[in-house]
Amino acid sequence: MALLIAWVCVAVSIEKALGGQGDGGDLYSENITRILDKLLDGYDNRLRPGFGGAVTEVKTDIYVTSFGPVSDVEMEYTMDVFFRQTWTDERLKFGGPTEILRLNNLMVSKIWTPDTFFRNGKKSIAHNMTTPNKLFRIMQNGTILYTMRLTINADCPMRLVNFPMDGHACPLKFGSYAYPKSEIIYTWKKGPLHSVEVPQESSSLLQYDLIGQTVSSETIKSNTGEYVIMTVYFHLQRKMGYFMIQIYTPCIMTVILSQVSFWINKESVPARTVFGITTVLTMTTLSISARHSLPKVSYATAMDWFIAVCFAFVFSALIEFAAVNYFTNLQTQRAMRKAARAAALAAALSAATVPAEDEIVSHSDSNCNLKKRVNSVTSQADQSPEASIVSNSASQCQPVSAPPPAPPAPPPVGGTSKIDQYSRILFPVAFAGFNLVYWVVYLSKDTMEFFEPTAMHLRNDHQSN
């Protein structure tokens with residue numbers, strides 16, 4: 001019996017406890033509802049906190065969930081962020097069983113919020129899937145935390161003088177649209193070093209390295225007052241790998257190929273012509289393709305200078321062959337004219353020696369006839385040694401012929417031109433020297449660009465708004 005009574009008492013206690021918890025939960029919800037109703041009773045969301053009195057301070061910080069891509073052609077970048085704002089509204093102080101009221105986005109439209117806008121933003125999107133991505137909390141002392149998830153497409157002015165060894169500081173500027181400095185000021189909630197967070201996994205870019213970010217604040221003046229502008233600079237350094245593979249290496253190889261023609265025989269005109277024209281066309285194609293990924297700027301970039309010098313080397317190699325061919329033909333023509341003059345002179349000399357030869361032949365014939373007559377007179381006499389000598393002399397009398405003229409010397413052919421010999425040394429040395437100077441200058445240079453718009457630009461923007 002006693003055991004039964006004990007079990008009944010335990011059951012009653014458990015039932016009371018469960019009933020008390022349910023009543024307590026309902027009571028808690030009712031208390032929160034009363035607190036919210038009391039906070040909104042007489043609340044005017046058209047007036048900022050401290051209207052007509054103290055300045056409203058809005059503390060901000062940014063958490064970047066995704067950075068990129070960066071467009072060089074459009075000079076803009078895109079990022080996905082959690083944009084947090086914190087301020088104090090004395091009208092929303094409360095007391096009760098909880099220290100923080102964690103509310104959804106429906107409460108946002110019922111209270112005052114800062115009119116923050118991004119000054120250099122081209123397009124900003126507030127995410128609404130599956131519900132508006134907004135976080136709203138109210139602390140007992142009236143401090144409000146308001147967080148939004150945004151995708152921001154912002155302008156990033158770039159000066160591409162050092163492209164592709166360039167670096168850029170892409171700004172993100174924001175501030176109040178309508179409230180001047182006398183009513184709203186912005187500050188960094190966690191200080192200048194930790195107010196903007198960019199995790200390593202959020203900054204994986206194809207053509208850039210995000211090397212860091214800095215923050216600053218400034219005050220600009222306009223006809224409607226002074227406004228506080230908060231700025232975040234994202235420091236981007238361009239990666240060289242793509243351009244080394246697609247532009248620089250082909251240009252260097254094309255220049256080297258153009259210099260191979262210096263080692264080809266100067267008489268091989270078709271081969272050297274093909275080398276020259278092919279390399280010039282290749283450089284033209286490379287220069288056109290290099291500009292496809294760039295905006296149409298009016299100044300020359302570092303890559304433009306490199307391509308221009310490579311094009312000059314290739315074109316100079318073609319001009320060098322034209323000079324070699326010209327001087328070779330000129331030398332050949334001179335040799336042929338010299339040979340022709342020598343042949344004409346030899347022919348003239350040959351013609352001048354013909355009468356003398358005829359005279360010699362006639363004298364020889366007369367002597368021979370005289371000797372024949374002498375021999376015939378003495379033929380009847382007794383033969384003496386002297387007669388036999390005269391007879392032998394007569395038998396040896398023959399016509400004398402002049403030697404033929406020497407043929408003209410042929411024009412010189414073959415050999416290596418002195419221009420080719422000098423070019424084999426000067427062209428490679430000059431190109432190697434250019435590369436040494438080019439890479440030392442640009443790789444050791446601080447190419448990070450900063451763009452600071454003037455107050456006049458900001459003033460005109462605000463007046464247009």
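Just so it is clear, glycine is given a Cβ too, placed from its N, Cα and C backbone atoms.
Fair warning: this is a prediction, and the values are worked out from it, not measured in the lab.
Swiss-Prot assigns GLU267 and TYR299 to topological domains bearing different names, which places them on different sides of the membrane.
When you check Swiss-Prot, the disulphide partner of CYS156 from the set CYS170, CYS251 turns out to be CYS170.
Feature annotation (Swiss-Prot): of 51-70, 271-290, the stretch labelled transmembrane segment is 271-290. Range 392-415 is the one annotated as region 'Disordered', of 200-223, 392-415 (source: Swiss-Prot). For the topological domain 'Extracellular' (291-304), the mean pLDDT of the prediction comes to 88. Of all Cβ atoms in the protein chains displayed, 18 besides its own lie within 10 Å of the Cβ of ARG84 (4-aminobutanoate binding site). Looking only at the recorded positions ASN31, ASN128, ASN141, THR147, the densest Cβ neighbourhood within 10 Å occurs at THR147.
Rounded to a whole number, the C-alpha distance linking ARG84 (4-aminobutanoate binding site) with ASN128 (N-linked glycosylation site) is 17 angstrom. You'll find the Cα of ASN128 (N-linked glycosylation site) roughly 27 Å from the Cα of CYS170 (disulfide bond). Cβ crowding, taken as the number of other Cβ atoms within 10 Å, peaks at CYS170 among the disulfide-bonded residues CYS156, CYS170.
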